């Protein structure tokens, strides 16, 4: 073969090789975009993804970011999670997508083809990060197609604010989607708490995935619909039919794990009930309480600060690192000065009752328990049970009655807290629980209480006088047991307190 023909033959072979290579690359590209079959081998995917990655990295103009392996691993992890949502049609190249967990999430979306994806950070860093925070995301109402919260709700202390903002910016009519990754929401109680923070969204699906640290995460996908309005105050504030709290299944699941009620009347209640405190299974020990807007403790019949707030609630109640607002409901003015110097406690100097009115209280002499010791109140006197304004004076220990303003506890509770709040209540009201609890159940206010510690007063056996019952109360132990049972059936985790 002469030299001229040899050169022509060589050129032809090279040209055919180039054409073959081009056809192979084109087939690989179609295989990757089409979801892959046997033709989409890993090497081909890596080659195509590498070209996209290089383009996305160049667009970001942040060379320092690509020098760490951890950054690269994070981007790949997020891409593995987000790829499914592209295949499901929740995402497209033209989608307005916002990431709340970090720039790696936005980069993962860009490498998957969502070219305009951005993340929210404290400082603006174009083109991946826009400036904003969880209390105010820098996007108009109903303007975003896809919000990837990632682990942001787990990592913020203002979960309610962030959840509200995420829902605000999402497009309605089924166009907007929110994806949350969380280590919580593994039980019905915490899942319902999260859903309560997103009243305008519906849970579309849930699945379990593996976290970067080997932990198990739950991926929750929500969709925004125009026909799902935010929960009205009447609903969120417990305005339900008597004894029928909405969405109470999540609480009944927790109640099933609680310590059983003491069915038989104890012969020595002062010993049995005190020992029972060791058996109590607190709600925060049974479920994640993290998805709540605020945390509230209400001590009804608080007496002195040391009686329960200081000696028990602040020292022993498991709070899961949350800060609680504290309300002390105490009508006896002998204790009011004690709260003047207590920070973080709001004193309600009234009697808890079923309506707003003035009540009469009997005055008792003698010592009163104030936490660790029995001491006498100022002037040796303290208030006792609520008495009807025109009631008979027989049995009043001192023959003296004091007039005290009272307020409707159920209505106050409905004005003060919502379903999005975590509410713990302790109640020791000297027999008035038989008036207050039915009122709270009838108005639906009881639905707002997550955990209740109730001392039920009945004509128990007396320590001083074997074989004799206390004449102070007329109710029986059976009636107390019925009260506890009705509360648990209403979805309230109630404990027999002492």
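Backbone N, Cα and C define each Cβ position, glycine as well.
Noted in TrEMBL for the protein shown:
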- 117-175: domain 'Methyltransferase type 11' (DOMAIN)
- 260-336: domain 'DUF7870' (DOMAIN)
- 403-498: domain 'DUF7870' (DOMAIN)
- 370-389: region 'Disordered' (REGION)
Checklist entry - Taking the domain 'Methyltransferase type 11' (117-175) alone, what is its mean pLDDT? => result 91
Checklist entry - For the domain 'Methyltransferase type 11' (117-175), DSSP counts of helix, strand and coil? => result 15 helix, 17 strand, 27 coil
Checklist entry - Using DSSP, what's the helix, strand and coil tally for the domain 'DUF7870' (403-498)? => result 36 helix, 22 strand, 38 coil
